[in-house]
Structure formats: structure tokens, C-alpha cells
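The next block holds one structure in the form of C-alpha cells; read it before the comments.
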4 protein chains.
Amino acid sequence: MSFNTFGRVFRFTTWGESHGPAIGAVVDGCPPGLLLSEADIQPFLDKRKPGTSKFTTQRREPDDIRILSGVFEGRTTGTPISLMIENTDQRSKDYSEVAKAYRPGHADYPYDAKYGFRDYRGGGRSSARETASRVAAGAVARLVIPDVDIFAYVSEIGGDAIDPARFDAAEIGNNPFFCPDPEAAKRWEKLVDEARKDGSSLGAVVECIASGVPAGWGAPLYAKLDSELAAAMMSINAVKGVEIGDGFAAARLRGEQNADPMLPGEDGPHFLANHAGGIAGGISTGQPIRLRVAFKPTSSILIPVETVTREGAASNIVTKGRHDPCVGIRGVPVVEAMMALVLADQKLLDRAQCGER
Amino acid sequence: MSFNTFGRVFRFTTWGESHGPAIGAVVDGCPPGLLLSEADIQPFLDKRKPGTSKFTTQRREPDDIRILSGVFEGRTTGTPISLMIENTDQRSKDYSEVAKAYRPGHADYPYDAKYGFRDYRGGGRSSARETASRVAAGAVARLVIPDVDIFAYVSEIGGDAIDPARFDAAEIGNNPFFCPDPEAAKRWEKLVDEARKDGSSLGAVVECIASGVPAGWGAPLYAKLDSELAAAMMSINAVKGVEIGDGFAAARLRGEQNADPMLPGEDGPHFLANHAGGIAGGISTGQPIRLRVAFKPTSSILIPVETVTREGAASNIVTKGRHDPCVGIRGVPVVEAMMALVLADQKLLDRAQCGER
Amino acid sequence: MSFNTFGRVFRFTTWGESHGPAIGAVVDGCPPGLLLSEADIQPFLDKRKPGTSKFTTQRREPDDIRILSGVFEGRTTGTPISLMIENTDQRSKDYSEVAKAYRPGHADYPYDAKYGFRDYRGGGRSSARETASRVAAGAVARLVIPDVDIFAYVSEIGGDAIDPARFDAAEIGNNPFFCPDPEAAKRWEKLVDEARKDGSSLGAVVECIASGVPAGWGAPLYAKLDSELAAAMMSINAVKGVEIGDGFAAARLRGEQNADPMLPGEDGPHFLANHAGGIAGGISTGQPIRLRVAFKPTSSILIPVETVTREGAASNIVTKGRHDPCVGIRGVPVVEAMMALVLADQKLLDRAQCGER
Amino acid sequence: MSFNTFGRVFRFTTWGESHGPAIGAVVDGCPPGLLLSEADIQPFLDKRKPGTSKFTTQRREPDDIRILSGVFEGRTTGTPISLMIENTDQRSKDYSEVAKAYRPGHADYPYDAKYGFRDYRGGGRSSARETASRVAAGAVARLVIPDVDIFAYVSEIGGDAIDPARFDAAEIGNNPFFCPDPEAAKRWEKLVDEARKDGSSLGAVVECIASGVPAGWGAPLYAKLDSELAAAMMSINAVKGVEIGDGFAAARLRGEQNADPMLPGEDGPHFLANHAGGIAGGISTGQPIRLRVAFKPTSSILIPVETVTREGAASNIVTKGRHDPCVGIRGVPVVEAMMALVLADQKLLDRAQCGER
């Protein structure tokens, strides 16, 4: 079933295909009175924009955002905010071969099996192009949670991880990989460039930290903050794993190692560790929210892979087009956006049930 | 916000606290005409039941299921199915200390920060006892997807993993760990018993496989099958990580290694690999759905941990009560239940949009 | 599709059949810290209880409410509140004839056409018995909106209306019809008794007023306060019409007659009329919310009606059992409950988007 | 709370203000493979279009529809369908006075009380202009239910009703009032023109009939077909009352008069009457769905009404602008659209739970 809305009271709905005339999002439930203009959104889109280095797809899209509703005299009115980005650099001819055979790892085959029909141009709805809509919506979400600071970065590409000892948040913007470790960034230049030249691709791990979240957002069970975040992250194209806090590493610790001991603090407890990633029992603890997201390597590669045609004949496919050699890199602003969207929703939900904090 | 309903058209709502009179679930949207009696549900509850070995909590609950509505003359009527399990072995006196100080790793502190108030008896709503309701609902879900075979097992405890070469599904029921590798099961006896005697606890990894899912369940984006499964799994108590298919390991592969090549097959393509875990572009491919779930070590341990009292004073806490030394073990039937609940919902959603398959 | 949940953030789910072991409701999203015990709910159930006069069904149910979860030490904990009422006076033998032929006006035929199967005992899920669950949930909702005063009454039975000039709210509890006009109440005694003796039944109009609702609850369009109320009221058994404010009468007025002029007042405008029923543009104005609900005559009558059997043969049916000669009478506490449930939800929704008022 | 999405599995979200750059709708959950182009939508918009006679607002909008996503090679792809209509004839200067004082009967005051802020140009989000988005979405919904025939008409203006004996469906398109009684249409010309010249306005009743709905759509309680339709209709601007079947008139009938007797028929029972309006127990009976909707007189009139300013001072207001003297007339295509949208959703919901019919 097609469900293109995410969120419970702060909700957004995205629409649009990679090679249609435009893509967009409708943000509903946004509180009134927030200052909002295109300038609040554009920088986040620019961060995600394709064609900015040789390490990302060469498709060139200005990704100019337009606000079509929900803002009056510079402020949100509490009504739906319609955001639109025109597609300008579609080259649908690149996709003639894709129309005939299924690209392994892509949505091509299951999509066809489901709908009996698909827009094969650039992956259609399944293209990572859709994430621009999320980034735009996420920029609005950030305005709802002004006290929360969110940033993400790439911590690993093709199995080569950053050195935590060299972590420097200030470095994240200084290289095309959103890498907080300048030495890793250097290694990745070579690594990603080689993969690109080989016509191959690499996976990546993105980490995201949200600080300033008060204790009390979330819920004990089905709207657990961890659960909402996992759904949000796993809805991003190419994501195959999510960890909150220590994640799988916690499964290797003993109870006393994994505990986050508390000492008396000024505003609530002072925690001596954060294995839990800022969430216990589904509810934020006041510590930074910390999560990790695994991006598989881009499925579009120039190395031939065995496949079948729509008619069921054996074939080989090489995905030409213009693709990211490591789709996880441009995943960074998308992960940040989804974090902001979940937290904005949780803030409003918490306010609904428990009143203002 | 308290959201205790999961699912979109096949939905269930759970209620109840660890030490209240009963717990239960209301299953809504179930198709009519399915044969259903308590006997279809009880075996799954028995599998999850506490007190069955020294490796699980010594609380003794018969966990007798009652169906209070939605079934007439042995068949579902299409109306809500109310399921109830009485709590019989509450010992609330165990929890007097918990009332005063927050147990690190538990929901205690954030719950109090959120609601200003909490039922401290056995974790109240945050207790793993709630998962019995899920297991009951999951048994109903299985009836909706009779062609799907679901099973889960523990693949790792305290960092000690099974040997895939010794994997034998028939062994899973032969040991108290739901372990498919008899040698690992032997090692774990010692491992878990030692942790228990130390008053400590261990984490675990649970894997789950669903075969018989046709190609076409799921959706390209916000109701991606991966996203729904991640939300479902992460909503289980103590879960901190979810991987679909190769998960984080996929982030270390190159594009050509991670591809699942296709050859012509009888019913749709024959896949040569299943790195994707049976889901591409958010939609099932017809291959087995495969996922992994990380359970942190039980937070309730006998080793003292630094904490604070409700009044904010420094304290130490030892969680006596009766607890699972490795909560992941009893997570196995819960993971299976959540898999069944998501797949039943997806089947109905798919039928809504795309008609019968 | 079976959707047994109502509400957006303050939600309730009901379950249970007329002749099953019990019926109940799960209230989710209720704010924490509210004082709640069975004693807060029972009086509303007693008001709706069958068998209290010869003008209602002679089924005798104590309708004792039990709270199974969500309350600790006398206060709501913010987790789901499970409410249960046992059925004690089922006489399923009354319904043998109903099993064979469809009662016109009842859900019998369409229910069977939909589900292929039905619990024919007392209407099963379609019985007005379900409304006891709503009344219980409504009692919880009232605690969420302590400043709102809600009352309903019957304004018309069988076409015989009260005289607005004799309206006296204090009279509502003094007669078995919830009638605010003592003279009408006298006439109705005769009217309803005659219909009962004839084996016939009568329709009724119920009016409901909620005062103390601040300006600002609701939304411009799809969660319009009028829209939510209309859905709520039309979900009650036997209801076939809903009017907000002047309703259909407004369609006969000219613009200047229907205007609700405003003068400056102390807390917001002072309105000179309330044709709009306290809602303009979907949002409350601060005036009393005022609505009218049409109940059709009970479809269960002793006068034979032509019908068909399950096998499609011509037949006549007489519905014996024990029925209300005018189901609208006992609709009064149900209408009040639905009003409370909608307003509680709207209060929390408004708080989510716009903060505390 | 702002909730601008309607529907459960066939859903639409509208956005846009009367005087913003555009308005639109995103339709989600539409089945794949349906033939859809702008030409399927435009005729319905043309029917609703302003400026077509002196009996409707003189604002001139071409209301050209654009499909921005969800359609490929002329067919729906199962992904969200983004529909956009540009606003071309805004004259915001007309609204300077509205910025200062609240128009009685409009959303002005409660909107401001809620959001603390409003787009006063032409009613902003609360303008009937939004209904163009619904009409566009409704045209898509019709494609989902090709066997259902839906038509609506005006049955009463300013209290002057059609004569059922002269009802002729073929006449509906022959006059500017969607009136099936040519003599009433003649009377209304004079009636509406006089009201217009007086600077006043008139209310209207719109009736809608959907035939071809099979028995079995709907649900016993909270997604009752009546309840969904009531919510849909009451969400339309200026609507204050909804009746299913006989509605309030049923409240004046006795049980035997209101019964819809059944005789054996070819496909299910043959009904001898349709007091119930095609819905019993919340589920369609296979008879035509029949409902009535009350539109209040347009609140924008040239006759001065007492009001208050934003600052709380006494004032008088005359609403100049360009307005419909009887907003119910253009409500006809909107009522049809909402009927189609509800039925499309119910068809898919029914298919989800009960399979193909």
C-alpha cells in the first residue's frame, strides 16, 4: 500500500518522481506563528544537492524550493505548508534499458510485481530524488524544535571507519564526505574515487546526534522514540540497519557495563554514560539522542550483473545513468531531516498528552 | 504521547501493567471467517511463558488466554477480537525500593519526567510482561497469512555467536535458548548461568525468517516493509538495533558484492543471493524476509549501580525481583509475533490497493 | 472494514458483542495524573442502563464497570485505560428466528453480505449494547475537560416536540425520557406506552449542549469540530441525521438572519445569537456548542415485516426479544459521551499544535 | 489541530489558500493502472468553477488542473498523485477591511483565537476556494469506483423546495442551479437574483445519490458508512446539517413505517423502500446511497452586521469582495466529490478486510 505520509500530529506527505515535472511535500500540523521563508529551507537542500563534487551524482539540479501555502506575512499560519521543487535536469533517455530488465537491488522487480506497472525513469518514485522533499520538510521541523541541535556525519565508508579520537565536528563541513575526521576524509577521497572509476559503489554508516531534547519525549511502547526513529531512518532509500545508542554492540555487553549510572545533577540526573543513546523505555532521558544508520552500496553500478527481463528472459544489466558512487554521503542531510521530523512530532505529541514543558 | 495501537488496517491495541489485574490486546480489522479458538493462541504464549527454566525469570504465570469477543461459532466475525490474560503471580512488595530510586537503563526516570507519576510495580506498563499481549495478537495474525512460515532463534548471547555451519532449525525447540546450534546452546548454558549467579545479565541477538511472502508486499517509502518491520522490532522492550538482510554488514560491501543477481525462475526470478533480506525498494521480492534484532542485557541486575532518588539524592540500586538474566531469549516469540503482525497488515494493505494476488 | 477506534490523540477502541461474555473499551492518550476510579464512571452507565423503566428494554444488566489498567494509586498514569463490563443477562434463545431471516432496518443483511457470517445473538456487534462502552469512555473524557459542561435531552419523540418556552434543564432527570419539558414528558408517557403496546416503536430527536468550550478548538477543514462531531454522532446506532446549530433550519434563513453579530465582551466578543451552534469555520467560537441528533424508530418491532431468509426465500419477521420502544431515549447519555470524547480529543489536539490556552 | 488529510487507505491531503499562488491536493493510496489524465478531472472543476453565471461569485478562475506526479504513460502508478491549480484572479485589496474586523459567521474570529494569526485574504485556508482541490481529488476517486454512479442536485433554496413529482435528473444540467425541477429553477432565478441585489444571501439543501454501491461497504461502528459520509459532508464549508436517507424525518415515523421490507430478488433482496438511504447498521445494503446536506446562507453579505475589531472595539462590517449569493449551488460538485472520495476509500477498505467482491 502506498503510504506517503509520515508523522502523527506534525505530519508530512511527499509526492513526485525522479523524472516528473516536480517533487514536493505538504507539511501539516505545523504550529502557527513561526518565521518561515524559502531562505530557511534552501541551505539544507543545498547541502543535499547533487552535482557538488565528483563523489556524488553528476545530475545537476538547482533544487530551488518554493513555498506555495501555509505562510502569510512571513509566518506560518497553522495550515498546510506546500513545498515544491521543480525537476530540471531529467534525462530520461538514459533509462531505456531499465525499462526492459530489472536492476538487482533496486525496487524494479518487486515494484513491478506489486503494481504491474512502473515509472522506470530514474527509479520513479523509488529514486533517492524523493529525499529532497524530506530535507525541505525537515527544515520546517527544525523550526518547531529550536532548542534541539541536530547534526549527522559519515563515520564509515566501505568498511573504513573514522578514528573517534580524531572526531572534530568542525571538520564535517570541510570535505565532500561530511566526515568529522580529516584523515579519514583523505583516505575516502581515494577510496570513493577508485570505486567510481571501477564502476562500483560503496556502502556507508551515518551517525546522527540530537542534543537539547528534554527528558520525556516518546512513549512506553508503540510510539517509542526508538521505534519512531527506526521507522523514519529505515524509510530512507538504501538504508538496511538502524542502531539506537550502542545498538548491536550493547548485545555484547553485560548489564553492569551497559548501565548508564546517574549522579545528582542540576536539571535532573547527571548521567555517567550514554549506552542507551538518550532513550530509555522508549522515552528521552535528556541526554543526546544518538543513532547509527547503515546505507548499502548504491545498487546502480557499471559492473554487469545477471538479471531477468520483464518477459522473464536471462540478461545482464549495467546501470549507466548518473549515480552516486556512495549514496550514504548524501544521506547525511536526509538522516538529519528525519531526526528533526520525528522530534518535532514527538514534541507536539508530548505537549498534547502532558502539556507544556 | 501514549500510542498503544500498531498497524494500519490489521491493527492491535495492547493494555495492562505488570502488576495490574490483567493485560490484554484488542485486534481490529481481522478478516472474517477464520477458525480461531484459544487453542490457536495458547502454544505461542506457552513458548514465551516465564518460569520455564532457570534461564528465565522465576515469576510463574499460567498466561491463560481468554477470547472475549470477535469470535462466533468458532470463527472470526470481522469485529474486534478482545484477548485477555490475567496476572496471577504479582509480588508487588519486591518493588518498594524501585518506588524511591530510578533503575538505570529502565524507563523509570524518563517515565517519571514525562508523566510526573508512575506505576513502579514491576516496571508497570514498561515491563516485558506487555509482550504477552503481542504474542497473543501475533497468533491471530498468523491465521491471516497461512502461507507464510515464520520462525526466530537466538544467534548470539553475550557476544558468543552460533556457527552458521551448524545451523539446524530442528534444534531450536530442543534447548531453553531457542538456539539452532546445539554446541552454542551448551556453551550458553554455562554463560547464562554464570551471569545469573553473578547477578549480572547478558545481551542477545535474535534472527527471524519469514518465508512464503509473495513479491509485492510493502510500499516504496513511508510504509516500506523494512520501515514497518524496524518500527515493530524496535518497539519491543530492550531492543536497540535492527538489521534487514545484511544490515550493517552491507555497508561494508561493494555494489557488485551486495547485488542479488537474478536468473529466470518458475514463479518470478530466481535470486542467486539474498543480501537484501527479501526486500528491495521497500517491497518484498518473494525471497525469505530476513532480519536481526539486538537485545541489550537486562537492566535489572543485582550488581549495584549509581543512581538518584526521586528527590534527586545520590543512591545505589540493586534490582532484586525476579528477572531474566538474558531478556533476549524470551524475545524470540515476541519477534515472531511482531513479524506476523506486520505481514498480516501488509497483506491486507496490498489487497486494498492492488487487489487479490 | 472494521475500525473500532475513534479519536486522534485521545482515542478509544471498543470491543464486544451483545451476547458475548463482556464488552469494553480501551482509552488511549489520556493525560496522566487525573483522579479516576470506577465511581467516576458508574453514574453515567447507570443513566444509560437498561431495564430502569417500562419505556426501555427489559434486559437487566448491572453494567458494573471495572478498570483493568492505566490507573495507579487512584490516578491515571498516561497509559491505556482498559474498561470492562460483563454481560450477565444474555438470553440467546430469543434470537433463533433472527438467525434464519434478516430483520429489516437492522445490520443483519448487509453485515452478512459483507462478512459472510454474523453473530446473530442480539445484533452481535451491531447491538446498542456497545454504547455502554462509549459511555464508560466518555466518563473518562469528561475528566480531561473539567471546565466543559455537557448535557443532552430528548426534544422530540414520534414527532411530538417539547415547547422551548417550557424548557427547564432541572426537569431532565425527573422523568424517564430525559425531557426538559414536564408537559411533554407526560404526553410521551402515553405515546411511548401505546407504541410499546402496539408492538411498534418511535423515533426521537436528542439535543446536546456543551458550554465552557474556549474559542479555538477544531480546525479549518478535515478535522473541523463540526465534522468530528457529525462523525461521532452518526456512529451511534440508529442515528440518521445530525445538525450543528440551526442545521437545516439555517438553510431557510437569509444571510443577515443567520449572522451571529458580535459586540465587545470581556473575554472575547459577546455574541448576540448562536445560529452557528458555537462553531464557525470549523473552530469553536467560545459560545455553547449546540447540536441535534435524529434517532430512527427502533427497528425491532412486533409488527410483522416482509423479509427474506438467508437462503433467499420470502418470509415475515417479528422481532420478539426485549427492546427499547424508543431507542433515542437511552441515546441521551451516549450523545453526551460522544460529545465529551470529541471535545477531549480536540483539546489535546489544540494543545499539540497551539500550546496551552 | 490542522488535519488536512481525509480517508483511511484512499486518502487525500489538500493545501492552499484563496489568495496564495496555488491550491492543490495529493491523492495517496490510489490503485495502480487506472487511466488518468487532466481531461478526466477538468470537467468536474468546470462544473464548480466560479464566474459562470450571475448566481455565483464573479471571481474568474480558469481552474486548470495539472497532474504533477503519480501518472506514467497515461496510467496511475500507485504512487501519490499531486494535483495543482494555480490561483490567477486574486484581488487581495478587497480584503483590507477584513484584516481589521471579524466577519460574523466566518472563521475569522475563532481562527484568530486559535492560531493568533490569520491570512485574511479571501478567508485564506477557510475559503470555499479549497473545495476545488476536493473536486479534483474526487474525479480521481470516481475512477476507483467505475460501477458507481453519483449525482447531486439542489433540492431547496431559501426554503423554496423542488416538487418531487417534477423531478427530472436530465434537467440538472440545464440551469445554473443544478435543479432537477425546471419550475423551481425558474422561481430560484428570481429568488437568488433578489437576494443578490439586496446584498443578502440564501441557504440551500443539496441531495446526493450514489447508485451501484454493492452491499457490504462500511463497518458496524466507527467507520460506519453513515459516519464517514457525515464527516465528509460536514467538512465542506458552510455545511451545518447532514441526513442519511430520511434523516430527521425518520425520527417522526413509527417502526413499521420506517422499515424497508425485503422481497426475494435476483442479486440479494429486493427492497420495497429505502428510508435508510442505502445503509443499515453502518453497511451498504445495495440500494442507492441517499443523503441530504444543509448549506447555510453565505456569510459574506453587503448588509451591515455588528462585529468587533481585532482590538476588541465595536464595529460594523459589510463584506464587499465577490461572493456567491447562495454558496450551496456550487456545493453540488463538492458534495459529489466527497461522496466519491468516501466510497472509493470504503471500497478499498472492504477489499482489505473481506477480499474482492
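Placed from the backbone N, Cα and C atoms, the Cβ positions cover glycine too.
The structure displayed is predicted, hence computed values, not measured ones.
Taken from TrEMBL, the feature NADP(+) binding site applies to D:ARG48, D:LYS54. Within the same chain, residues at least six positions away from D:ARG48 (NADP(+) binding site) with a Cβ under 8 Å of its Cβ are D:ASP63, D:THR131, D:ALA132, D:VAL135, D:ARG330, D:VAL332, D:PRO333, D:VAL334. DSSP assigns D:ARG48 (NADP(+) binding site) to a helix in the three-state reduction.
Summarising the annotation, TrEMBL assigns FMN binding site to D:ARG125, D:SER126, D:SER127, D:ASN237, D:ALA238, D:GLY281, D:LYS296, D:PRO297, D:THR298, D:SER299, D:SER300, D:ARG322. Neighbour count (other Cβ atoms within 10 Å of the Cβ, all protein chains): 28 for D:THR298 (FMN binding site).
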Subset of D:ARG48, D:ARG125, D:LYS296 (binding-site residues) with C-beta under 8 Å from chain A: D:ARG125
Cα proximity to D:LYS54 (NADP(+) binding site), best match among binding-site residues D:ARG125, D:SER127, D:ALA238, D:SER300: D:SER300
Which of D:SER127, D:SER300, all binding-site residues, has a Cβ with the fewest other Cβ atoms inside 10 Å: D:SER127
Subset of binding-site residues D:LYS54, D:SER127, D:ALA238, D:THR298 within reach of chain C (CB-CB under 8 A): D:THR298
Least buried by Cβ count (within 10 Å) of the binding-site residues D:LYS54, D:ARG125, D:LYS296: D:LYS54
For D:ALA238 (FMN binding site), the number of other Cβ atoms found within 10 Å of its own Cβ: 26
